[in-house]
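Undergrad: The structure's right below; bear with me while I get my questions together.
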């Protein structure tokens, strides 16, 4: 009676689940379409409203230009300071439960198939007949199919996902890193394919059978030497390759340092500050105690090397010319990172770090190669440094040496006349305050 009830209840539950799945899948498919249509309607309405409001601007009235599009920062159309509404994750949740239900029903289907096959076997045993299902052979076939599907999946991942995750470097040392990555990838791929062919192929060829007896083979010194020595030699070669590559990147000779263009990048929440060395190619000294609203980087202007240092909003570099970047931080840990150059080093408060590299492709060349007319190199922060971490981006432009020199000549001196006046005023006020204190004593 219990067994009969068991087989009566199970199909009923499965039927109910299938019905729920059918109704739920239809509803889930309908709701995203409705939400998309609603969002398109709202976007169209907003564009019309903006067009109407824009038409009321006087013909001669100047337009305000800002570096940041505040309409993209606003949450409700009320500006960047408008209150942020609660996030709506309903679409994500619906998609999750849709696939969860799909997976659950697939598991139920497999369970039903398994129970049916088991019932078939038990029926054959009760009748005294030999079962026709060879589970060892079936599992061997499953392993063979998994091998083919898995190898194809790896191939698909390499050909489709690979170009999206790894791009050719646009720096001299980056090309060596690309070679190191390629060599490692080729070796590991060969090992991956061979070991999986042996693993899954063994399960298929030597599936359990009543016609042969398994051979007990517990030990072989030659095989153990091979699988110990060969990986050790290969890994040692890869480690040495990486070691000497890293040394060539970090240990730069003194002459090469002096010949490289010198600039400083200072990170703070949430921006990068860029300072170029002047004609002497030497950066002036800094002291955090000298930091003021006027002198945000704390540059020591008593050091004559700082008088010709220049400011810049972007980073402009000449192609095929070594560049040495001095990296600092004003507040917390940041990380100087230009993906296309394979250049990364941490910006540590109270500590100066540096990285030297040579760009090999101009921005125009990369745009032509990628067929992306608006593509730019970007300096990013590789440390999650706070709520505005995403905003720590700065454009990096690589041009010819002649264009670079022309651009640098137009940049503003950090020690400008305005800075001189403000510092003189601040110094005079400080001296007056000291005199007042002295008189009061």
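Including glycine, each Cβ sits where the backbone N, Cα and C put it.
A TrEMBL annotation is a machine prediction, not a hand-curated record.
Sharing the features that TrEMBL gives for it:
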SIGNAL    1-29  signal peptide
COMPBIAS  35-45  compositional bias 'Low complexity'
REGION    35-56  region 'Disordered'
TRANSMEM  96-117  transmembrane segment
TRANSMEM  138-159  transmembrane segment
DOMAIN    152-253  domain 'Cytochrome oxidase subunit II transmembrane region profile'
TRANSMEM  179-205  transmembrane segment
TRANSMEM  226-246  transmembrane segment
DOMAIN    258-410  domain 'Cytochrome oxidase subunit II copper A binding'
Undergrad: In the domain 'Cytochrome oxidase subunit II transmembrane region profile' (152-253), how many residues does DSSP assign to helix, to strand and to coil?
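TA: Its residues divide into 78 helix, 1 strand, 23 coil.
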Undergrad: Near the transmembrane segment (179-205), which same-chain residues lie under 8 Å Cβ to Cβ, leaving out any that are not at least 6 residues past its ends?
TA: 139-141, 143-144, 146-147, 150-151, 154, 158, 166, 234, 238, 241-242, 245
Undergrad: Would you mind listing the long-range same-chain contacts of the transmembrane segment (138-159), meaning Cβ under 8 Å and 6+ residues beyond its ends?
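TA: Non-local partners: 189, 192-193, 196-197, 200-201, 203-205, 207.
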